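Enquirer: Dropping a structure here in C-alpha cells format, bear with me for questions.
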Amino acid sequence: MLQEGAHGKWTVSSSDESAEEDSDSEKPSTSTLSDAARGRTSEPQYPCSEARKAAHKRKASPLKLTDESLSTEIPPAAKQRTSQEGLGWCLSSSDEEPEDQQKHAPKETVKEEKYDAPKEQPLNLCKDDKLSENLKAEEYNETPSEAQDTWDLLNGGNPFRFFLTKVSGIERGYNSGALHIKDILSPLFGTLISSAQFNYCIDVGWLVRQYPQEFRKKPLLIVHGEKRESKAELLAQARPYENISFCQAKLDIAFGTHHTKMMLLLYEEGLRVVIHTSNLIAEDWHQKTQGIWLSPLYPRLPKGETGSSGESETNFKSDLISYLMAYNSPILKEWIDLIQEHDLSETRVYLLGSTPGRYQGSDKEKWGHLRLRKLLKEHALSIPAQESWPLVGQFSSIGSMGADGSKWLCSEFQESLVAAGSGVTPFLKCDVPIHLVYPTVNNVRQSLEGYPAGGSLPYSIQTAQKQLWLHSYFHKWSAEVSGRTRAIPHIKTYMRLSPDFQKIAWFLVTSANLSKAAWGALEKNGSQLMIRSYELGVLFLPSAFASLPKTYNCYRLRLSTWRE
C-alpha cells in the first residue's frame, strides 16, 4: 500500500507492535523506502524494517556531535573501524504503538539527511554483502584450543546447555565456553542431512556461508514471516541456492511478527534443537550479547516406536510438536514426523512459546505468559518469604503497556511471573520487586559498536513518553562477570532471584521482548488471551536439574541503578 508522507511515497509492512487493546484496526505499522532508495549501497541486502534501513543511513552518514558533558572514557571511534558502508544490524521487533508509527515513520527515515531519490534501478540481492572491514576480517577461523573447548562443551562441560555467543573485541578468556553459529553448524556437532532455520531477520547469503562447505548444499528450510516486498526480497536472495525452500508463517493478527529463533538440525547420528536469540545476520553474531540453548543429540528411536516414546519429564517433545503444528503448514509436517521418530527424553528444560491467535478455555494456558504461569504453578519449588524474591526482566525492545503498571505489567504479566507451587501461601503480587534491565544511552555510546548498536534497541520516544512510570523500574546493563558490559544485549532473559542474588528460582531465555504482542494480553474480562507474534524460549526450573551437583549455578547477576 502506498501512502503520501512529508518526504514522498512510502510503503507499509508488518511489525511486532502492540496495538491498543480495544483496537481492531489493520493500519500500517512501519514504512519501507521506495524501490529506488532500497538500491542504495548503504542499506542492508536482506529484508528488514524501515527503522533498520534508517539506521543504516544514519550509520553511513553519522551526525557529528560535540557534547563536553559526555564522558570520554571510551570514545566510540576507538571501538569501531572506519568503514561502515553496507553494515547492517538487526532491529528486533519495534513494539511501538501503531498510531505513533503512522505519524512519525516517514519522517524518521530522513531525519538526519535530505536527499533526492535516484532513478529506479534493480536491486542486486544475490551478490555477497558489503560488510564493514571488521566483519570481513572476522571470517571466524577456529583455533585447535577453541575446537577442543567446543568438543568439551558437547561432552558435559555445561549441564544446563545454556551458552552465550562469542563476542569479537573482548578478552579471549571471556569467549571460553561461548559459541559462534559456525560452531553450532560444524561437523563436530554431527554429520548434517538437512536443517530448518526459524527466524525474524535473515541474510540468506551470509547464512549459507556459516555452514561448512560440505553442508552448504544440504536441504535447508527457512521459516519466516515476511510479506509482500520483503518476502520477494527474501526469495530473490535464495535464487542461487537450489537446496533452499521456504515456509511463510501466517500472521493473521495485525502488528505481529515471526520472532522465533530456532534451528532444527537433522544428522546421520540423530537430531538437535537449538533455541536462541540471534537474527541470522552477521551483526547479531559479532559484538552483541546473545543467548543459546543447545539440546543434547537426540538418537533415533528403535523402529516401530513413535507417539509418546522418547518423551522427557518436561514434555518437551509433545510441546515442540504442538508448537510446530500451530503453524498449520504442510511443509513442517516432515519435521514433525522426524521429531516423532527421535528420543528427546534427555531434555531438562520446558518449552515456552507464543503463537498468534485468540485463545479461550484451556487453550489460554498453551502459550504466552499464561503458559509460564501454568508451568510455575505446577513445577516451581516453594521458596521462603518469596515476596522478597525480586523479578528480573532483561530485553532489547519495549512495547506499549498503558498509562500505568496496572494495565498489564504489574497485573496479569506480574501475576504470571510470581506464580508458584500450589502449596505456597498466597501473597500480594504487588509486594514483589521488579527490576527491568535495559541499556542506557551511555551503555550504547561506550559499546563495542558505538551508537549504531542502538539500532537493535528499538523503543520509540512516542511510546516512552506515554509510560514514563516505567523508568522507575529500569536498571542499566552491566555484565562484568562475562566480560560483556560493552557487548549490547540482544538476549532476552527473565528470572526470579533471591534478595542477595545468590539463588535462582527459575530462569527463562527467550525471543520474547517486553511487549503484549510477544507475551499476550487478556481480553473479554480475562476470558481470552490475544497474542500477535511467534516467540520461543526455554524455561529452567531447579526441579528438572535436581540430580545435578549443587555446585552448578546458571550465572551471577549484578544490578546497577539505571540513570541517564
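Glycine residues also receive a Cβ, built from the backbone N, Cα and C atoms like all the rest.
Remember, it's a predicted structure, so these values are computed and weren't measured experimentally.
As annotated in TrEMBL:
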- 1-117: region 'Disordered' (REGION)
- 100-117: compositional bias 'Basic and acidic residues' (COMPBIAS)
- His259: active site, nucleophile (ACT_SITE)
- Lys261, Lys492: substrate binding site (BINDING)
- His490: active site, proton donor/acceptor (ACT_SITE)
- Ser515: site 'Interaction with DNA' (SITE)
Enquirer: Lys261, His490: which of these recorded positions has the sparsest Cβ neighbourhood within 10 Å?
Expert: His490
Enquirer: Give me the long-range Cβ neighbours of Lys492 (substrate binding site): same chain, 6+ apart, Cβ under 8 Å, in sequence order.
Expert: Thr277, Gly291, Gln394, Phe395, Ser396, Val509, Thr510, Ser511, Ala512, Asn513, Gly537
Enquirer: Over all shown protein chains, what is the count of other CB atoms within 10 A of the CB belonging to His259 (active site, nucleophile)?
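Expert: Here the count is 31.
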Enquirer: Return the count of C-beta atoms lying within 10 angstroms of the C-beta of Ser515 (site 'Interaction with DNA'), excluding that atom itself.
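Expert: So the number of other Cβ atoms within 10 Å of Ser515 (site 'Interaction with DNA') is 29.
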Enquirer: Using Cα coordinates, what distance in whole Å links Lys261 (substrate binding site) and His490 (active site, proton donor/acceptor)?
Expert: 12
Enquirer: Cα-Cα, whole number of Å: His490 (active site, proton donor/acceptor) versus Ser515 (site 'Interaction with DNA')?
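Expert: About 15 Å separate the Cα atoms of these two residues.
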Enquirer: Whole-number answer please: how many Å between the C-alpha atoms of His259 (active site, nucleophile) and Ser515 (site 'Interaction with DNA')?
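Expert: Distance between the two Cα atoms comes out at 12 Å.
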